[in-house]
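Colleague: Reproduced below are the annotations present in TrEMBL:
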type	residues	note
ACT_SITE	A:257	active site
DOMAIN	A:30-476	domain 'Aldehyde dehydrogenase'
């Protein structure tokens, strides 16, 4: 059968207005950081995008001092209604520069432009809009009669959603009257530094937001700084544990949003085509670089074969390649290091006896890519069923009864998200109640909204982001 | 004065609805504030702690699965029995804390009232701490609070009854089950409270009370992988830090507490209820 070919539909990289050099943002200005500069690369090509100055420990100290000064002198004294207007301004500026930010994000991260354009950037704007409205209404949040900010928030965010995670952290912090020192991920610092420009355009008072690029050492310095009153971290469980341990006894407030190994449970009465779309979205969205990705498919035994056939057929239609092409479904793996980790775990899956199937899609000759992959005949004890892979790799297990589905779904140290696919409403509610996960998507997957709290159970971390409940992380109540 | 010799009670642990001695065979003498011998309390061991955690885990599905209305009734029933043993508790509190009989009675009254207050929360936390989320899209999204699981509670060292109830009742009101390490020097009201719990309608294993040393048991409670949340109130400054450190290995929820015991007579905030609850957000598409 002849197929329609897709014509290339590339977005122009020029729109990102890439500069050769980016610098840390401290005290309301871009400064030369005294850390070793890093080069950030386009994971789709391996080409260097820009040189980025990083912060040293003394730069972090300056950033925290600036944030503290801004907190004491201006930000916390500002009436909530005025604070709100600054946050609203930021939301609007993100919308105005949406196209530039989307292209920049795709260049730096490797995610498809369709996703940065339709999810990351509008999502970031939505978070600022949502939280801006809270700034003068905190006493109505139901957290207590006199909610007060915590001071300087030290925030460390990951590389999978660089701008969106920044928004999740910065928007509630500012709205609740805190000031911010944020460390973007080492491999994806660019959109955070353009966000710093946005803070300048919004005329945000100096020092309210500080951005300190760098590696783990910079993150550790932010977290450890004695003048930081609140730490928010999104990233790996391993690092989260280290942070929690290091903060023991310091009195600092902490929220952690860590890894996951979500179960996506499909019953025999599920609408199969929709379930297939949900499974694909759940594990292959953003190359599987999603902490709440549906990486364990639990399918009822009676339909396993049929579902897997349909799933493979659908996956074969996914287009992998140039992230800047608007028709691309799966972009680049963010770094060589991450690609190596995926390869290691996939090899472990094969060695432990699971059956591997990978999409026959062609891989680009350069850049970091990994084909969408499905492991069947997976057992619960296998590494691919237990460890977070953080890549486009799905492990398929089967179950017979709803009770068995619950037991298998909960057989993990994580508890961030879960999926349920069935036409039976009572079963959805029954299962949703029993799944030990902070977010449960029924007959859908990967839905986010600033009004809906998000966060994990167990080793997926503690604290929630979003909604009225999420404000608590930034307030003395 | 009567010649009658009173029957002395052997104070034991409370695990899984039963009253075992410590498997270690250890006991330690408990005295009143003047140094007069009161009893030999069981000195709980790590094995006792593991048994208690296992019992609390086993009791969790049915306790968390009970309706909020039912849990409220069961907890209110505990208050009824507390009230019935008012005099016994007053005597024990007076001995343990060295306060006057009148003061001890006031403490017991406040304890009963505190229990009633928390009993009334069971069917309200979902309404007060949950939410219907107005998301931008054709989805129904709601957030419900759910019990975290097994809670490890290091009870206050000074306030032997009011403090104990102030840290235990919120655990139960949320639907969590508890492993409690009592005050080391003042454990007897805790043992008597477990007798009340055993004769009320609280299912065995929902509350487990260990008498012993917070410094010895706290870190094990904090590192136990089947304990989901911890309250280090009674562990003392150093113990609190050690507990927080150990808890990181399993990303355990650790309640932020002050080094000194708070004023237990003050009206509680929602902090302790919130500590034992997870917010679960559920999404479903809407369409014709």
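Any Cβ shown, glycine's included, is placed from N, Cα and C.
TrEMBL entries are annotated by machine, without manual review.
Set these features in their place in the structure for me.
Modeller: The secondary structure of residue A:257 (active site), as reduced to three states from DSSP, is extended strand.
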Colleague: So for residue A:257 (active site), how many other CB atoms are inside 10 Å of its CB?
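Modeller: The Cβ of residue A:257 (active site) has 28 Cβ neighbours within 10 Å.
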Colleague: If you average pLDDT over the domain 'Aldehyde dehydrogenase' (A:30-476), what do you get?
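Modeller: Averaging the confidence scores along the domain 'Aldehyde dehydrogenase' (A:30-476) gives 97.
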